[in-house]
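Participant: Have a look at this one.
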Amino acid sequence: MTENNDIKMVIITGMSGAGKTVALQSFEDLGYFCVDNLPPMLLPKFIELMADSKGKMNKVALGIDLRGREFFEHLWEALDDLSERTWIIPHILFLDAKDSTLVTRYKETRRSHPLAPTGLPLKGIEAERNLLTDMKARANIVLDTSDLKPKELREKIVHLFSTETEQAFRVNVMSFGFKYGIPIDADLVFDVRFLPNPYYIPHMKPLTGLDEEVSSYVLKFNETHKFLEKLTDLITFMLPHYKREGKSQLVIAIGCTGGQHRSVTLTEYLGKHLKPEYSVHVSHRDVEKRKGH
């Protein structure tokens, strides 16, 4: 087993209905490998997998749901074993909320409390709170989510567990060809098939928007300049609002017929325009599929 002082492990637990799902999604956005409902008895084996992953699992968030006293024995043993290792220090994040808030959340979702499947949720909440007393005492961080919206809980987790780099809002700008389908992960799609097409100029047909001759041709038209002005205006207006809403990344897709000339040119342009302010990744999905529209 290889030691790695850079390995981070966060164990997420707490009251049912306090926000564990939102918390796991937040860690996933921060690049953590996330596992929900991991039985505590499997924790030692999972730690071995982390150590042997050669850096592929150096940030892990585990959602552990403790529904019975027998689970505690396995968890305490695993945590005590971890305390003897120097290469990994687990952080326990305990999510809590007022009883009244938890009851309201269960009523809103029409779900039964796991410890009171056929009874009143308050009875299940009381039983769970008693079970989790020791776990809460051992937690590094306790978050009361009673007055937090999901977005606010995410912001707290990002603030507590991310580096400045990880907090960066990422913008992915990609070109594509409509003939190959719209990217399924696109948040915003722009169609530039109305622009003059270099495909019909024989010597440009085998080239792409990465070639200066093609990009110069596409960018020389007045309609291209007007479109780029409006597009950059719109995108720069929207990005801060998307970021404020808690999105960790935005995928902007620009398409032409074959994804080789016009869309590539405009994707490169938009990427360069946004890079001074944002973490931007530019890609061209279909540029190598076929040289020609």
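Residue 1 is the first one shown; counting continues down the chain.
The backbone N, Cα and C atoms fix where each Cβ goes, glycine too.
Straight out of Swiss-Prot:
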{"type": "BINDING", "residues": "GLY14, MET15, SER16, GLY17, ALA18, GLY19, LYS20, THR21", "note": "ATP binding site"}
{"type": "BINDING", "residues": "ASP65, LEU66, ARG67, GLY68", "note": "GTP binding site"}
Participant: Indicate the candidate from GLY14, GLY19 with the smallest number of other Cβ atoms within 10 Å of its Cβ, considering only these binding-site residues.
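Facilitator: Looking at the binding-site residues GLY14, GLY19, the Cβ with the fewest others within 10 Å is that of GLY19.
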Participant: Would you mind checking how many other C-beta atoms are within 10 angstroms of the C-beta on ALA18 (ATP binding site)?
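Facilitator: Within a 10 Å radius of the Cβ of ALA18 (ATP binding site) lie 24 other Cβ atoms.
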Participant: Need the DSSP three-state call for THR21 (ATP binding site) to compare against my parser.
Facilitator: helix
Participant: List every residue in the same chain as LYS20 (ATP binding site), at least 6 positions away in sequence, whose Cβ is under 8 Å from its Cβ.
Facilitator: ILE12, THR13, GLY14, ASP36, GLY63, ASP65, LEU95
Participant: Neighbour count first, Cβ atoms within 10 Å, every protein chain included; then name which of SER16, THR21 tops the list of binding-site residues.
Facilitator: SER16
Participant: Give the helix, strand or coil assignment DSSP yields for GLY14 (ATP binding site).
Facilitator: strand
Participant: If the ATP site is taken as the center of the Cβ atoms of GLY14, MET15, SER16, GLY17, ALA18, GLY19, LYS20, THR21, which further residues of that chain fall within 8 Å of it by their Cβ?
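Facilitator: Residues close to the ATP site, other than GLY14, MET15, SER16, GLY17, ALA18, GLY19, LYS20, THR21: ALA23, LEU95, ALA97, THR145.
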Participant: Using DSSP and collapsing to three states, where does ASP65 (GTP binding site) fall: helix, strand or coil?
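Facilitator: In the DSSP reduction, ASP65 (GTP binding site) maps to coil.
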Participant: Could you tally the C-beta atoms, other than its own, that fall within 10 angstroms of the C-beta of ASP65 (GTP binding site)?
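Facilitator: Excluding its own Cβ, the number within 10 Å is 17.
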Participant: Taking 10 A as the limit, how many CB atoms besides its own sit near the CB of MET15 (ATP binding site)?
Facilitator: 22
Participant: Just how many other Cβ atoms lie inside 10 Å of the Cβ on GLY17 (ATP binding site)?
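Facilitator: Within a 10 Å radius of the Cβ of GLY17 (ATP binding site) lie 25 other Cβ atoms.
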